Amino acid sequence: MKVLWAVLVVTLLAGCRADAEPELEAQEPAVWQSGQPWELALGRLWDYLRWVQTLSDQVQEELLSSQVTQELTLLMEDTMKEVKAYKAELEQELAPMAEDTRARLSKELQAAQARLGADMEEVRNRLAQYRGEVQAMLGQSAEELRARLASHLRKMRKRLLRDAEDLQKRLAVYKAGAREGAERGVSAIRERLASLVEQGRLRSALTSQPLRERAQAWGERLRGRLEEVGGQARDRLDVVREQMEEVRAKVEEQAEAFQARLKGWFEPMVEDMRRQWADLIEKVQVAVGASTPAPSQKP
């Protein structure tokens, strides 16, 4: 009776697996499409778990020899190492991000990373538990143990897929500066990206501007500079002209003063000489008149 019950359970589980497995398999390509190193490593782990889930004779043999858990441990370590490396690379790229935003995103990413690691750890522990149960066989048949393991593996693979997708989304958000909206506090990043886009658009417009327009702009600038220099030269010339007028006025004033002084010096001398000359002429005329004899009268 127990054997029949076990066969019935295995049949039902196999039917459930047949219904659930295509849905799970259909989701796989969307997970690893970008091909990041951590995704490729997780893909190898995923393929290995799919092979383990077949519970073939080889799988059973390797489960009992702990080879499966050892191989799974290596794949887990490789996956987590690639995740950490990719996260470190993103942190370097997003160093200019605001500290509070970067801390919030990093915390969310670490939580998703921890969930993925816990899922893989649970799978490994469950496989180790199965090996112990098979070795003990405490009142259970091998079919029952395999059925229970298959059921657990399906559930854990679904959980692993869900958490892997969540980690992938958060890494994409981290890489894009949290594009999912203001609820993640990334408005500053969007403003910075918008500013960079606007600067790029302006730079592109200036680069594609016709040469004639750019030459005209340079000509306007040069003309303005020449007018400025010419205005400064005219102002300087006016200052020099005013200074020359002041010098000329001073020279004329000094010349007039000197002329007045000369006139004051020589006019008395000239007047005295004129007076002396007039006296001399008068004396000569008197002397000439006195020496001339009077004319004789005839009878």
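Keep in mind that glycine also has a Cβ here, set from the backbone N, Cα and C atoms.
According to Swiss-Prot, the signal peptide annotation covers 1-18.
Averaged over the region '8 X 22 AA approximate tandem repeats' (74-245), the predicted model reaches a pLDDT of 77. As annotated by Swiss-Prot, region '8 X 22 AA approximate tandem repeats' applies to 74-245.
Among residues of the same chain six or more beyond the repeat '3' (118-139), those with a C-beta under 8 A of the stretch's C-beta atoms are 45, 49, 52, 63-64, 66, 68-69, 72-73, 76, 79-80, 145, 149, 152-153, 156, 159-160, 163. According to Swiss-Prot, the repeat '3' annotation covers 118-139.
Residues or ranges marked as methionine sulfoxide in Swiss-Prot (evidence: similarity to another entry): Met137.
The Cβ neighbour count for Ser141 (phosphoserine), using a 10 Å radius over every protein chain in view, is 15. The phosphoserine annotation in Swiss-Prot covers Ser141 and rests on similarity to another entry.
What Swiss-Prot records for 152-162 is region 'LDL and other lipoprotein receptors binding'.
Look at Swiss-Prot and you will find Met156, Arg157, Lys158, Arg159, Gly219, Glu220, Arg221, Leu222, Arg223, Gly224, Arg225, Leu226 tagged as heparin binding site. A C-beta separation below 8 Å, combined with a sequence spacing of at least six in one chain, links Met156 (heparin binding site) to Asp119, Glu122, Val123, Arg126.
Residues or ranges marked as repeat '5' by Swiss-Prot: 162-183.
Summarising the annotation, Swiss-Prot assigns repeat '6' to 184-205.
If you look up Swiss-Prot, you'll see 204-273 marked as region 'Lipid-binding and lipoprotein association', on the strength of similarity to another entry.
Shown for the repeat '8' (224-245): DSSP residue counts in helix, strand and coil, namely 22 helix, 0 strand, 0 coil. Positions annotated as repeat '8' by Swiss-Prot: 224-245.
Look at Swiss-Prot and you will find 261-273 tagged as region 'Specificity for association with VLDL', backed by similarity to another entry.
Most Cβ neighbours within 10 Å, among the binding-site residues Lys158, Arg221: Lys158 holds that distinction in the structure as shown. If you look at the repeat '8' (224-245), there are no same-chain residues 6 or more away from its ends with a CB under 8 A from one of its CBs. In the three-state DSSP scheme, Ser141 (phosphoserine) is classed as coil. Neighbour count (other Cβ atoms within 10 Å of the Cβ, all protein chains): 10 for Arg223 (heparin binding site).
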